[in-house]
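**Student:** Submitted below is the structure of interest, expressed as structure tokens.
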Amino acid sequence: MVLQEKLDSFKRQKEEIKSFKDLGLCDELVEACDSLGWKTPTQIQVEAVPHALEGKDLIAHAQTGSGKTGAFALPILNALLDFHSKQGYKSAPIFFALVLSPTRELAIQIASQFEALGSGIGLKCAVLVGGENLMQQQIALGKRPQIIVASPGRLVDHLNNTKGFSLHMLKYLVLDEADKLLDVDFEKALDDILNVIPRDRHTYLFSASMTRNVKKLKRACLRNPVLIESSSKYCTVDTLKQQLFFKPAKLKDCCLVYILTEMSGCTSMVFTRTCYATRLLSLMLQNLNIRAIPISGQMTQPMRIRALNKFKSGECSVLVCTDVASRGLDIPAVDMVINYDIPQDPRVYIHRVGRTARAGKSGFAISLSTSSLSSRVTSFVFFITGKTLSEYDAQEEQVWLLFERVTESKRLSLKKLKEIGGTKKRRGGDEDDEDIERYLGVKGKRSKLGKRE
Ligand code: AMP
């Protein structure tokens, strides 16, 4: 068959897939999708699931919000059910699949999707992430779960210290946000894991962005993987309106308040560069009666979960975050992403704005920019996505009207942070994180923070 014919036939095949049943999934899973309100498979599910069901390894580029968790969870659960029907439930395998995630929140989210899809089949899932009670996780492992979702470091802890725990039965390995997991930060832990799991397994790599490291892993661990690019490597969805709010630097905070006030019915995520800024801006916004809450990597795990829950439940409408929240977190109904600080790396921009306009919904991404930055944002957005940014429509005089109130609110917030964190002369950017660590109780003032959170 010549290439064009092959492509046409592949296209026809995809067009014929209209339902989860067409993907080749068993009835239990078709019902599970239906009960979650998943009417038709998403593009990544259409492209990945049939290959996975054929037993192929996968490298899948899938943008956030594309339904990628389902794309790897469904074939794994299908294989598990297949095993059950052939061998009976009594001989059900334990530790059937391992999903690794670079962040704790994402791990929790992945596990909840597995649990939702597997609720009708008695699926057991253990989440092994740092910052949570080790003993409780050991108890969860003792319940013989079929699925483990883990961050690499904590999994290695359990492999070394939890009596009787081994992954020699593992059949599936998934690296979600694979490019991140292949960073040097995770190199040692990942090697330790790869050394103790069976080579005879299925391996899936999923990521919105792929690095050369993934290719390295492809050589090392995958067996004739199918490469799936359900979207161009970095792209944003058409339902996302991307804009630039271009004003002088001293009006930056006013611009933020202006947008949040104009769009007051929206749920928003505001991205900043430092942990300190998340705290400072949240306080500033709270002083202006905007329901904001911070989340950053410097917060303890229970605090991060609490912040996320307050945001998800609608108690807070603005989540001020560092890039800890830019990857993989599925926070439904985020209407708007604001880049308070513009990221250096274009890929980070794509991850951030991928928090909105998910699963076919519309959304806004607004980047606050000063003259020196605007060309960087517009050019990298255009370079990556082929889309141009329009300018956010606001009269400068209207923004200036906010100046006094916002400046006063920021001054009070700075004062408050200093009182809580101990007065410290900030000498530069790195000092920010030290301040916030102290404020967060990492350096010994936990009780104060506990009350505030
Ligand atoms: P993910 O990209 O895996 O983070 O998924 C993003 C969101 O899409 C999650 O809330 C899923 O529950 C939802 N989702 C996944 N697959 C489908 C589908 N086929 N139809 C509708 N929603 C879906």
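Placed from the backbone N, Cα and C atoms, the Cβ positions cover glycine too.
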**Student:** Taking 18-46, 192-220, 395-423 as the choices, which stretch does TrEMBL tie to motif 'Q motif'?
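**Tutor:** Based on what TrEMBL states, motif 'Q motif' spans 18-46.
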**Student:** By DSSP, how many residues in the motif 'Q motif' (18-46) are helix, how many strand, and how many coil?
**Tutor:** 13 helix, 0 strand, 16 coil
**Student:** Give me the DSSP three-state residue breakdown of the domain 'Helicase C-terminal' (258-407), ordered helix, strand, coil.
**Tutor:** 67 helix, 25 strand, 58 coil
